[in-house]
């Protein structure tokens, strides 16, 4: 069995063609190239609705945007659960099968949502179908992320993860919203949502059938690991490998302020500062547009200067400074200095990307249980969507907006302290020198 597993995890740096060598040199595992391309199309399809889904639901069965928000909340809970399950199930069934399940869930329940719930303006079915659809994209996208972490050489894992987030955030919401801006005037919002089904389905099929690298076709966990044991280990790893648990908290802190600021920043920037809605939306676009490219830049850079170093200085310390600037500079300078707001917004988007190497660091802390580590990482990503708004609800009243921003900055400083604790085990450090993948390291750990 060990020999068989070793045959399916060859070092990707030895790919033969000139194009493959170029991809590998830039940190994108050449055998997974079509997976990245498919992921981009998939996330474009998923992101098409991002700018209008709540009012669309309100006008087509939900009745009000408050009731539409309940549907989106159910969807968010499903996303969080699926984010956790994607890592554990990839370990058990193999990433490719998890991706297939995620694609099927998204397509089936989105078609039911559009053809039955929306067409019939049926709010209860809207809750059920759209909510269940939330299990789809995390299982597809994060299943592919597990595949990447299993086969990419550890020495270039930061760049491989950076390319993942380049495709992920490039589609959701950036290019997805751009597609909607062209199709909505022609097809209407309902027609645009059917376009998203086609784009997502095409991307999913490209990734699933285009990638021939065999590691993702089989389970990653040792053969004696049972289903319940795999699911339990994806939680118990937090105390069996405390550094992985700490890393999950760092992942929560990474984007919790990002989700939190979107709760109260619009009112402040649109009304109090006086930017108006259009200039606020442009500022948000600048933040996320900058973040896309720096996801890739910091992924590549982290392989050269170190994952912890990148997260500590550019992610944690950088975000602690930039989120303060993002709030206090526009407040102090006013609407006349809008260009300064764009500048500090771009800085915050860039420093958010400084956390990208956490997706390489966490599975490297437990190479023998990559799926469990990725499950916790993805759970942290999902939990951030709840933690951020919760911090706002607790502190906005007593501390005010400025106080909440200071709390966010303090959390980033806490993350900086935590990151110093996340030292790589000896076997992973050695794998970097030998240009091996985490799957090869995990196999060696299990057999020793």
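Note that Cβ sites are derived from N, Cα and C of the backbone, with glycine treated the same way.
In TrEMBL, the annotation transmembrane segment applies to 137-155, one of the ranges 118-136, 137-155. Remark: the transmembrane segment (310-331) contacts the transmembrane segment (402-422), by the rule of 3 or more CB pairs under 8 A. Long-range neighbours of the transmembrane segment (137-155) within the same chain, counting only residues 6 or more positions beyond its ends whose Cβ lies under 8 Å from a Cβ of the stretch, are 9, 11-13, 27, 29, 31-32, 35, 39, 42-43, 46, 79, 82-83, 85-87, 89-91, 95-96, 98-99, 101-103, 105-106, 161, 164, 168, 172, 204, 207, 211, 213, 215-216, 220, 303, 359-360, 363-364, 370-371, 374, 378, 382, 428, 431-433, 435-439, 441. Counted over residue pairs 6 or more apart, the CB atoms of the transmembrane segment (26-48) and the transmembrane segment (337-362) come under 8 Å in fewer than three pairs, which marks the two as apart. Two recorded stretches are said to be in contact when at least 3 C-beta pairs lie under 8 angstroms, sequence spacing 6 or more; the transmembrane segment (280-298) and the transmembrane segment (402-422) fall short of this definition.
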